[in-house]
C-alpha cells in the first residue's frame, strides 16, 4: 500500500516523484536498516516500555535523516553516478533535480530532524551535532579512504547513544557495545552492497571495503557479523536480557549464514539480495528484545 501510494504520486506529479526518488522513500530498505538498531536502543533504554515521545522522535528522525543522507549522498556522487550502471538514472545525474534544489532539500530535512531533537534534552541535542557531521561527511569518504563503510556504520549507529540519553538522561558504558555491534554489522552489509558496484568502482577509482577486501570479502563480512553478534550478546548480559533476546541473535546468525552461502559466486543480484536480507536480521533482534521485556 505504501509503495502504491508513492507510485500514484508519480502519475499525479512527475516532478514530485523526482524528489521521492532523490530521497529514496520509495526504497524503504535503508529506513529499515537504520530503524531496527535505533529501536533496539530505544527499547533497551526504556526497559521494554519507552515513552511514546521518544519512540515518535526517533522513528520520525530515522525517516528524515535517512532521506537527508540519500540527498547529500547523491549530491556528492553526482559526477560519478553516471558511470555506474545502478545509479546512472538518479535525478541529479539526469538533471531532473538541480544541485541547488538538492542542497535546499537536505537543509530542510536536517532542520526538521533538529526540531525533533529539541524536544529531548541538552545532552541529546549536543550528541545530534555529531550525528549530523557523520551523515554529511560520509558520502565524500569514498574519494579518500577504502573505509567509507566504517563512517557509514558510525553514522547509522549514532542514534543509539542518543536514544539512551533521550530516554534516561544517561549514557551507560554498555550502550557503546550496541553502538560497536551495529557499526560492525553495517560495515558487513554495506560491503555486500558495494560488491554490486565493485567492477564499476574499480574503473572510475571509487574506494570501498569491497574493493579493499577483494577475494576475502565474504569471509571478512561473516567475521564482522560474528563480532557484531558477540558484542550484542555481551550487551545483552550487561542489560540483563534473557532467552528471547538470544533467540533473536540465533535467527540473525542464521540470516548471516544464508547470506554467506548465497553469495558464493559473487553475482551482482545475489550480493544485492544479501544486502536486502539484513533487514530481517535486524528485525529478528528487535523482536527478540521486545519479546524478552514483554514476556517477563
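A Cβ is built for glycine as well, from the same backbone N, Cα and C atoms used for every other residue.
Taken from Swiss-Prot as is:
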TRANSMEM  28-48  transmembrane segment
TRANSMEM  52-72  transmembrane segment
TRANSMEM  102-122  transmembrane segment
TRANSMEM  123-140  transmembrane segment
TRANSMEM  146-166  transmembrane segment
TRANSMEM  169-189  transmembrane segment
TRANSMEM  219-239  transmembrane segment
TRANSMEM  241-261  transmembrane segment
TRANSMEM  275-295  transmembrane segment
The answer for the transmembrane segment (52-72), taking Cβ pairs under 8 Å and residues 6+ beyond its ends, is 22-25, 30-31, 34-35, 38-39, 42, 45-46, 102, 105-106, 109-110, 112-113, 116-117, 119-120, 131, 135-136, 138-139, 155, 159, 162-163, 166-167
Across 28-48, 102-122, 123-140, 241-261, 275-295, the most C-beta pairs under 8 Å with the transmembrane segment (169-189) come from 28-48
(message) Would you say the transmembrane segment (275-295) and the transmembrane segment (241-261) are touching, if the rule is that at least three C-beta pairs must lie under 8 angstroms and be 6 or more residues apart?
(response) yes
Relative to the transmembrane segment (102-122), the stretch among 28-48, 146-166, 275-295 with the most Cβ pairs under 8 Å is 146-166
- Message: Let me check one thing: do the transmembrane segment (146-166) and the transmembrane segment (123-140) come into contact, meaning three or more Cβ pairs under 8 Å with sequence separation of at least 6?
- Response: yes
Outside the transmembrane segment (275-295), at least 6 residues beyond either end, the same-chain residues with a Cβ under 8 Å of its Cβ set are 29, 32-33, 35-37, 39-40, 43-44, 47-49, 185, 188-190, 192-193, 196, 232, 241-249, 251-252, 255-256, 258-259, 262
Sequence-distant residues near the transmembrane segment (123-140) by C-beta distance (under 8 Å, 6 or more away from its ends) are 65, 68-69, 72-73, 75-77, 110, 113-114, 117, 148, 151-152, 154-155, 158-159, 161-162, 165-166, 169, 171
